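Remarks on the structure that follows.
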Amino acid sequence: MQSITIRRPDDWHLHLRDGAMLEGVIADTSRTFARAIIMPNLVPPVVTTSDATAYRERILKALPAGHRFQPLMTLYLTEHTSPDDVEAGARSGLITAVKLYPAGATTNSHGGVRDMEKAMPVLERMAAIGLPLCVHGEVTTPEVDIFDREAVFIDTVLDPLRRRLPELKVTMEHVTTSDGIDYIKAAKANLAGSITSHHLIINRNAILVGGIRPHYYCLPVAKRENHRLALRAAAVSGDARFFLGTDSAPHVDPLKECACGCAGIYTSINTMSCLAHVFEEEDALDRLEAFTSLNGPAWYGLQPNEERITLSRQAEPVVFPAKIETGAGSVTVFDPMYPLHWHVVA
């Protein structure tokens, strides 16, 4: 197959940042993707509908002329979040989901939830009105190994929450383990998972073998090869409970290349090329559209995009920049460590 035409994709987990960084990265998303769930972990975080309204306006202002893109806003869940404010934002159409960050789990998550009981009034209201909860599924207790955080989160936090509130709609974001995949598959209702393009490509060797490679470090951290293969199988299966969420997370290079580097991989610019490569390897190009363009909208109660894009396979590798330049500084682009021959042509 030399070309494939699919409905315009969406990104169900995206970091756009703010200010000069937002202005420098947004075109890489809006050029290809029609919609994206926007992460709220700014400094300070997006915790109220008023915050979300202002952030959405900044995003739309940063869009290049002629780009059609809809930011789907989220709120950062805290122990003091107002159920009434969440419901008002959801009913207005502004808020698509609320994001749960266990405190300390990832970038700018220190204001997240430490005591789930204090967040229950909001979660109960969300369950009542059908508003999804997006979760960063990792525990942060120091005695838990970083490679086990997702599995322990499922057992100690997520499963008890879902048993208590079975009507709450939950998205496990950036699933990285076979444990997460199996847990989603076993659920009868109200559970789905997003998968990144980079977790389909790298395992933890990419970070550690031959020297520490900070531009492959993200949270949740890449896992063993058996987990990567489980993610691939889920992504290409056509199962409607799995969909693309890039978790594209730009950091300027000095914040990655240092003694205590930030977690995050910047993938927006080459995500679709990487995915076409992966799905071709798995003999599943006919299911790429489901993963990128159909399953996510169905889960979030939206219509799929009417616009189409075409990916073409060319003989010579596609050349992506090693870095992009923003007003905040240079950002290194994800390198899948093999040539990419698929690219978006229309």
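Cβ coordinates are placed from backbone N, Cα and C, and glycine is handled just like the others.
Positions annotated as active site by Swiss-Prot: Asp247. Among the features that Swiss-Prot reports, Zn(2+) 1 binding site is placed at His13, His15, Lys99, Asp247, with the record citing sequence analysis. Annotation source Swiss-Prot lists substrate binding site at His15, Leu16, Arg17, Asn41, His136, Leu219, His251, Ala263. Sequence annotations record features per position, and here Swiss-Prot assigns Zn(2+) 2 binding site to Lys99, His136, His174. Per Swiss-Prot, the feature N6-carboxylysine maps to Lys99.
Structure coloured by features recorded in Swiss-Prot.
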residue: His13; record: Zn(2+) 1 binding site; Cβ within 10 Å: 26
residue: His15; record: Zn(2+) 1 binding site; Cβ within 10 Å: 24
residue: Leu16; record: substrate binding site; Cβ within 10 Å: 24
residue: Lys99; record: Zn(2+) 1 binding site; Cβ within 10 Å: 25
residue: His136; record: substrate binding site; Cβ within 10 Å: 25
residue: His174; record: Zn(2+) 2 binding site; Cβ within 10 Å: 27
residue: Leu219; record: substrate binding site; Cβ within 10 Å: 20
residue: Asp247; record: active site; Cβ within 10 Å: 27
residue: His251; record: substrate binding site; Cβ within 10 Å: 24
residue: Ala263; record: substrate binding site; Cβ within 10 Å: 16
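Taking only the Cα positions, the spacing between the residue listed as 'active site' and His13 (Zn(2+) 1 binding site) is 5 angstrom. A distance of 8 Å separates the Cα atom of Asn41 (substrate binding site) from that of His15 (Zn(2+) 1 binding site). Taking the centroid of the Cβ atoms of His13, His15, Lys99, Asp247 as the Zn(2+) 1 site, the other same-chain residues with Cβ within 8 Å of it are Leu14, Ile37, Met39, Asn41, Cys134, Glu173, His174, Gly245, Ala249. Ala263 (substrate binding site) sits 15 Å from His13 (Zn(2+) 1 binding site), counting Cα to Cα. The shortest Cα-Cα distance from His15 (Zn(2+) 1 binding site) to any of the binding-site residues (His136, His174, Leu219, His251) is found for His251. Between the alpha carbons (Cα) of Leu16 (substrate binding site) and His174 (Zn(2+) 2 binding site) lies a span of roughly 16 Å.
Taking all protein chains in view, 22 other C-beta atoms sit within 10 angstroms of the C-beta of Asn41 (substrate binding site). Cα-Cα distance from His136 (substrate binding site) to His174 (Zn(2+) 2 binding site): 8 Å (rounded to the nearest whole number). Counting only same-chain residues at least 6 apart in sequence, those with a Cβ under 8 Å from the Cβ of Arg17 (substrate binding site) are Val25, Leu42, Pro250, Ala328. Our reading of the substrate binding annotation (His15, Leu16, Arg17, Asn41, His136, Leu219, His251, Ala263) yields a largest Cα to Cα distance of 19 angstrom.
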